[in-house]
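Trainee: Quick paste from TrEMBL:
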- 259-286: coiled coil (COILED)
- 12-209: domain 'Cation efflux protein transmembrane' (DOMAIN)
- 12-31: transmembrane segment (TRANSMEM)
- 43-61: transmembrane segment (TRANSMEM)
- 73-97: transmembrane segment (TRANSMEM)
- 117-133: transmembrane segment (TRANSMEM)
- 154-172: transmembrane segment (TRANSMEM)
- 178-197: transmembrane segment (TRANSMEM)
Amino acid sequence: MITEKREKQILMMSFISGLIFAMIEFIFSIYSDSQSALTDAVYDASELVFIALLLFLTPLFHKPVSEKHPYGYFQIESIFVIIKSVMMLSVTIGVFVEILKSALAGGNMVNNTQISIFQFCLGFASVFIFLVMKKLNKNLSSPTITAELLGWKLDIIYSFGMSFAFFISLYLKHTPFAWIAPYVDQVIAVVVMIFVLPESVKVLWKAIKDVFLFSPEETKMDEIKRLCNPILKKYQFSPIFYDVTKTGRHLWIAIYFQIEAESMVIKDLEHALKAVNEQVQKSYQECTCELILIPKKA
């Protein structure tokens, strides 16, 4: 219950902050005729739709598994992350086409000093929000919140990046590169998109893997084995196969094992299962571990 409340609190903070940012950016983009500011506003507005839906769906992610829903409702979260990523990619392509049209039409002269100061102020405000959200997110394991923190981190980087770029462009007028001045706004907007695209694709691919129950990365598999093998060895269980699946924020681990003895003490299995779950949950908060005995072939 505390985890759910904390998660909704972080999402609400991100939503309200994003709404204020998007409104300010839209107003400023109209006032300054800046396409880079418009790009920023469009991204923030797209994020708001996703966060608004998640505020209503968050309680589902904390419901326990059942026979009807063997993986709980964790898949819903992955599906929404996919929708968000596809939406962001679509927005990026649409805005890129508009920027390209503007560039081919001769560029777009803007007040570089004004935009530089505006982006610096946005970056400074984003740092404050990011730090507060990160503090609230301590000890939570949520793909949604992780994606939100990544979004704010990107906001910080390209707000300060755009501020610096527009500041530098002030001096282009006095150099042989003065002809670039009308295109600075479009170039920076495109750079922002190029920077965002790989992260969006990465988040999309991770969510797709979760939906189709792909095994996690080899490094994660090795870490899980490193955590579990000493405990299994203590009870003289020989691990044969690790079946690891990730759905949304939850990790499901099934360890198939054999024993050398002719019989097994049930208490040993109970103690081993408890120890394995406690050990793995120190590294992965949302995790369920099972031990499955494989009979030896006759």
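Placement of Cβ uses the backbone N, Cα and C atoms for every residue, glycine included.
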Trainee: Can you name the far-off residues of the same chain, 6+ from the ends of the transmembrane segment (154-172), with a Cβ under 8 Å from a Cβ of it?
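Mentor: Here the qualifying positions are 21, 36, 40, 44, 112-113, 115-120, 122-123, 126-127, 130, 178, 180-181, 184, 188, 191-192, 195-196, 199.
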Trainee: Across the coiled coil (259-286), what does the pLDDT come to on average, as a whole number?
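Mentor: So the average pLDDT across the coiled coil (259-286) works out to 86.
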